[in-house]
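Asker: Got a structure for you, questions after.
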Amino acid sequence: MAPNPLIEAFTNLVNRIRGLSYIDEATLKEVLREIQRILLRADVSADVVLSITKTIEERFRQEKPPQGITSKEFLLYLLYQELVKALGGEEAPNVNVSKRPYKLMLIGVEGSGKTTSAAKLARFYIKRNLRVGLIETDTYRPGAYHQLKQLAERVNALFYGEENSKDPIAILRHGLEYMQRNRVDLIIIDTAGRHRNEEELLKEAKAIYDEAKPDEVMLVIDATVGRQAAAQTEAFMKYVPIHSVFLTKMDSTAKAGGALTSVIRSGARIKFIGVGEDIDEIEVFDANKYVSRLLGMGDLEALIEKIRAIEEESKIMEEIEEGKINLLTIKKQIDSIMKLGPLSKILELLPTSMLPMQYRAVMLDEEKMSNAQEMLRRWRHILDSMTKEELLNPDIINASRIRRIAKGAGVTPKDVKELLNYYQLMKRMVNQIKKSRRRLGRLVGE
Ligand SMILES: Nc1nc2c(ncn2[C@@H]2O[C@H](COP(=O)(O)OP(=O)(O)OP(=O)(O)O)[C@@H](O)[C@H]2O)c(=O)[nH]1
Ligand SMILES: [Mg+2]
């Protein structure tokens, strides 16, 4: 994406936070005010801005940063998380085409970028080895037929249109037949945006929808309208179901933040963004990726990964404390530790670490450390060659199973036994803790 004022402002803020020696009350307030200024300038509506900063503030005060994470880093993490949340959450949209042929209809106001986006989508899916056809039903804009026909040729998509027709429904019907005859996997229907008035536009959209019975209606919105995007979405939703949104011209507006948050608030799902006029300038909208770029992250990504892994580990610890322990628990634990990177870097995390006492004592020794790492890797292989049943119910693992598992993992039966001993130890410890809790509970009269 081209340099944009939003990215610049956020990157500056991130660098400032990093440069702080510590975060006191005054600097916290200042940082929050700066976040508000940036978001308001990006045309994000005031209530969304307030809810983002309020949540960051509350979480910063109430939640303790995970071990090994400074309060500065934690603040950056909260900023990242709350922005992702405001942009629709963690999961990237599913852009798979679920059936063949799949009919995708584009609608939107004049000049929003429908025809350009139709070609971008064709290119996107052709790259994914789909046969794509484009149908032009716009009978209003002079030259619409040639515009899409040329684009279709450029991206190697099939094309159907009728240059002199004034009947979009007839064009559509012929176009669908043509595409089906040619065994097209994905049929993209472009519609007109130029009408005498809005009502006429919406009514035609509805008529085309009824005739095409598309699998997906994608609303194309020009991001330069900023927070007005929600009103547009809602107007269209009254006439046809809106399954997804293509937000265009993200490259040429300082109001992208407003467009994104307002569309999301209207309940629509943003699937694609247009980031330039060229046919390749299309991206799947992924809130995580978008926010990472917004904050100029790069290396911040490592921090996010780390915090996630720590959170995952504390979830596992909770499970263990509740007494739900089996070999699957151990497997998850090893995964989260491995994700945290070299063991030497996670010394601070040792209290919650899974390593048995005898290993903790030797952690500072480089050579022994790499032995411990080696051991974890070995254990991971061993766990991989167990069946689900064995993971969930380790008591069934007898001598012959141990031999099979060892062979599968390329280790000795002794190695497998070592892991099983560790598991038994953990289980005993957990039971002890549970017992003493219960005793304590009885003492205080629970
Ligand atoms: N910078 C930029 N320009 C874009 C983007 N998408 C579309 N455009 C431009 O927006 C203008 C309008 O695009 P069209 O695709 O013709 O819009 P339309 O919705 O089909 O317009 P009508 O058919 O009149 O309703 C063109 O100049 C495109 O090049 C984008 O992501 N970034
Ligand atoms: Mg058009």
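Glycine residues also receive a Cβ, built from the backbone N, Cα and C atoms like all the rest.
Predicted, not measured: the structure shown is a model, and the values here were computed from it.
So TrEMBL lists these for the protein:
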DOMAIN    9-87  domain 'Signal recognition particle SRP54 helical bundle'
DOMAIN    100-301  domain 'AAA+ ATPase'
DOMAIN    101-296  domain 'SRP54-type proteins GTP-binding'
BINDING   108-115, 190-194, 248-251  GTP binding site
Asker: Please check the binding-site residues Gly108, Lys114, Arg194, Met250 against ligand 2 and give me the ones with CB under 6 A, sequence order.
Answerer: Lys114
Asker: Sort the residues of the domain 'Signal recognition particle SRP54 helical bundle' (9-87) into helix, strand and coil with DSSP and give the three counts.
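Answerer: Computed counts for the domain 'Signal recognition particle SRP54 helical bundle' (9-87) are 61 helix, 0 strand, 18 coil.
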Asker: Helix, strand or coil for Arg194 (GTP binding site)? Use DSSP.
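Answerer: Once the DSSP labels are grouped into three classes, Arg194 (GTP binding site) ends up as coil.
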Asker: Taking 10 A as the limit, how many CB atoms besides its own sit near the CB of Gly108 (GTP binding site)?
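Answerer: So the number of other Cβ atoms within 10 Å of Gly108 (GTP binding site) is 25.
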Asker: Tell me which residues of the chain lie with their Cβ under 8 angstroms from that of Thr191 (GTP binding site), as long as they are six or more apart in sequence?
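Answerer: Those within reach of Thr191 (GTP binding site), by Cβ under 8 Å and sequence separation of 6 or more, are Met105, Leu106, Ile107, Lys114, Thr137, Asp138, Pro168, Glu204, Ala205, Ile208.
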Asker: Can you check which residue among the binding-site residues Lys114, Arg194 has the largest number of Cβ atoms within 10 Å of its own?
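Answerer: The largest 10 Å Cβ neighbour count belongs to Lys114.
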Asker: Enter the number of other CB atoms within 10 angstroms of the CB of Gly111 (GTP binding site).
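Answerer: That number is 14.
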Asker: Under DSSP, is Met250 (GTP binding site) part of a helix or a strand, or is it coil?
Answerer: helix
